[in-house]
Amino acid sequence: NPSVENINSNSSISTLYPVSYVSVDFALGLLMFGRVYLLCRFIIFHSHLFLDTSTRSIGYLNKISIDYLFLIKVYLQQYPVSCLMSFFIIVFLIGSWCLRACNYTSTNEHMSMLNAMWLFIVTFLTVGYGDFAPSTYCGRTIASLIGLFGILITALVITVLTQKLLLNRWEKYVHSFVLNVELAKNRKMQAANVIKFALQVWILKKKNVSKSSIRYLRAQRNLFQSIHFLHEIKQKEGQQVDNCVDQIDVVSVQRNTSAQVRKNECLHVKLLISRVIYQGKYKMADINDTCIQLMRLINVDSSSHNERKNSLNIVSLPSTKIVTIDSNVPNNKDIHPQNVYKNRNNGNTSFSKISHRLTIRKNLHKQLCIVTDIMCILGILGIILMMIENEITFSQVNDKDTIWSWSIKIVISSSTIVLIGFIFRYHRLDLSLYAVNNSIEDYRIAITYKKIFLILLEILVCGIHPMPRSFPCCLSPSVENISSNSSTSNSSSSSSSSSSSSLSVLSTDVVLSFPMFARVYLLGRFIMFHSPLFPDISARSIGYLNRVSIDYVFLIKTYLQQWPTRCLTTLCIIIFFVGSWCIRACDYTPTKEHVSMLNAMWFFVVTFTTIGYGDFTPSTYCGRTIASIIGLFGILATALLITVLSQKLLMNRWEKYVHSFVLNVELAKKRKIQAANIIKFAFQVWHLKRKNVSLSSVLYLQAQRRLFQSIHSIHEIKQKQGRQVDNCVDQIDIISVQRNISAQTYEVSEQLKIMKVKIDKIEDKLVEMDININNTIKDMQKTLNILLDKISK
């Protein structure tokens with residue numbers, strides 16, 4: 001009936017849908033979008049990587065499954081723009097329709113598709129002008145998901161841009177050269193400062209200035225600072241050398257080194273063999289020459305065989321390093337036992353000093369750990385009590401203290417005083433530990449202006465808290481009712497003042513409560529001192545030898561590398577609850593009440609994802625400050641998410657092998673096709689020339705253009721094949737190649753040692769043979785001379 005329809009339409013206009021309203025059909029329809037996974041399966045089964053048997057075999061041999069995740073990495077690596085655009089279009093259409101179905105206008109009608117698309121773009125780009133905002137909880141949920149998708153797409157785009165905008169190897173060389181020049185200048189300046197302050201310390205010592213005087217301590221502190229800066233500059237120079245080295249450089253150097261080692265080994269073997277052959281030829285070439293040479297070298301009797309052998313060894317062997325003993329030292333000189341006793345005492349004294357320092361260091365670590373635990377407990381306890389006290393105050397009509405809140409403030413103040421005392425104790429132990437680690441006699445040398453500033457800053461951060469004022473007086477119930485009625489009457493009479501509270505209106509206790517959240521840094525210090533890397537002496541020693549300080553920044557990197565999901569989730573949860581409560585404490589509703597926790601959470605999500613629809617806005621300067629800080633944390637969390645995604649979406653070495661194998665096969669096929677096209681179109685051009693076709697005809701120009709296109713394509717394919725060789729190289733490959741080459745070098749060196757021993761034995765045998773032959777020849781000459789003498793007689 002049309003009249004019934006008009007009545008229903010008028011009633012729908014008069015009553016608005018609640019925020020929690022959503023159609024049952026739409027709630028069931030949202031689940032149908034899960035069928036998009038069938039499209040992913042379609043892509044898998046139609047991918048050439050999945051269908052190719054050789055690819056799957058290579059992947060199986062390299063323990064790589066050709067699944068959807070592998071295909072995502074491959075397509076993002078090969079076609080980043082196409083993949084991102086396709087994903088954005090699918091998410092854009094689905095998200096726009098979901099926003100249209102979820103949200104309603106002021107007349108209880110669904111949003112138009114164009115408005116839904118605009119709301120999607122505003123949410124996806126995390127802009128949020130405020131002209132459109134989600135009107136239901138379902139719409140808010142979908143908007144949150146769209147904001148997260150926007151952050152993910154931003155992360156992927158930044159990852160692709162990072163790969164494209166990185167400096168190549170030649171640009172790194174130029175940049176490294178400029179930085180090295182600057183570091184060399186700074187290094188010279190710091191070296192001059194070291195000499196200057198060392199001379200100043202020496203002059204003060206010569207003047208017998210007290211070691212506890214301000215001049216001496218200041219000069220020593222300046223000296224240690226200059227040495228520290230000099231070490232930092234050396235570390236930066238080493239980092240510049242490491243940053244300038246590329247994987248391709250390492251591989252090329254490794255290849256050249258291995259080739260040079262092989263050449264040297266072959267040359268060494270040839271020299272040894274030629275040496276043996278040359279000596280043999282030189283000594284056995286002619287009997288007369290050999291006898292003359294031996295007669296010149298040896299002037300001993302032929303019967304003393306051992307003496308001849310020794311003398312021949314001295315003469316014929318090449319020059320070697322001989323360790324000689326000074327003949328001026330008498331053999332009967334006695335060793336004084338007092339000198340030995342002194343050396344032993346010096347060794348024992350140095351060893352006892354080292355053990356004493358290690359014991360002191362261990363005790364200081366234990367004391368620091370205990371002090372850190374107590375500080376962390378006091379800091380977290382103060383934050384919890386502060387939140388409880390503020391919630392009690394929020395539940396009151398006015399912001400005046402009650403007996404409970406006043407008592408809680410007393411406890412917070414007491415814990416803060418104890419916490420400040422432990423802060424002084426912590427820094428005293430920290431300075432002592434620094435003095436022990438750096439062999440400093442007085443810990444006051446380590447006190448710098450920066451250290452004093454950090455201590456004062458920490459005291460200021462931990463010292464701010466809501467302090468108890470005058471003791472509260474109990475109000476009667478009538479007075480409370482009167483005050484509440486007066487507040488409601490005032491709010492109803494002045495609608496303009498009740499509708500919006502002033503930006504500067506905020507309780508003093510709330511202002512003093514917010515800085516207490518900075519005590520969360522004590523939790524980070526607690527994690528640092530209870531980490532297995534920090535108290536371990538071996539880990540700290542290895543870090544010191546490799547110029548890596550085991551500090552909080554190193555631990556953050558370690559945990560983000562080891563457990564990225566847990567760290568990011570924990571960080572986001574802590575920031576979510578703390579930020580939501582701060583927004584609740586800061587902002588007010590039009591009735592001058594604090595915002596509810598659910599609305600504060602929604603406002604946090606909208607601000608954290610940098611969307612800002614405009615349905616909730618900060619009502620105080622404090623709220624605006626908190627919103628700005630939350631937006632900055634959202635950007636930092638996005639950066640961390642980008643880093644984690646970059647590591648997770650990169651292909652590992654085995655996936656690179658499989659992908660490189662497939663691309664090389666495809667490039668080889670394309671290269672053959674283009675080579676055949678070159679022959680084909682070259683023959684076509686030659687055939688048209690033989691037919692005397694005009695050079696300006698369409699057929700001739702078309703054949704020539706195709707020929708040049710084929711030549712250009714084959715050059716591009718060659719370049720891509722060269723890039724594939726470089727992209728397949730990884731650090732692990734370089735390390736494995738280095739290990740294999742070192743093992744081969746060790747084996748070759750051992751074989752060379754064995755060969756040297758054998759050649760020395762051969763040389764000794766040749767010498768013995770030479771001596772024996774010479775002796776026999778001499779004997780024969782003697783006998784012949786005797787026979788000749790007899791015959792002549």
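Heads up, the Cβ atoms here are built off N, Cα and C, so glycines get one too.
Per TrEMBL, the stretch carrying the note transmembrane segment among 515-534, 595-614 is 595-614. Long-range contacts of the transmembrane segment (142-162) within the same chain, counting only residues at least 6 positions beyond its ends with a Cβ under 8 Å from a Cβ of the stretch, are 76, 80, 84, 87-88, 91, 95, 98-99, 102, 119-120, 123-126, 134, 605, 609, 611, 613, 638, 641-642, 645-646, 649. Ranked by Cβ pairs under 8 Å to the domain 'Potassium channel' (88-165), the stretches 181-250, 572-649, 665-734 are led by 572-649. For the domain 'Calmodulin-binding' (665-734), the DSSP counts in helix, strand and coil order read 60 helix, 0 strand, 10 coil.
Between the transmembrane segment (563-583) and the transmembrane segment (21-44), the number of CB pairs under 8 angstroms, six or more residues apart, is fewer than three, so the stretches are not in contact. Mean pLDDT for the domain 'Calmodulin-binding' (181-250) in the predicted structure: 81. Helix, strand and coil content of the domain 'Potassium channel' (572-649), in residues and according to DSSP, is 56 helix, 2 strand, 20 coil. Proximity of distant same-chain residues to the transmembrane segment (595-614), defined by a Cβ-Cβ separation under 8 Å and at least 6 residues beyond the stretch ends, is recorded for 122-123, 126-134, 140, 143-144, 147-148, 150-151, 575-576, 579-581, 583-584, 587-589, 627, 630-631, 633-635, 637.
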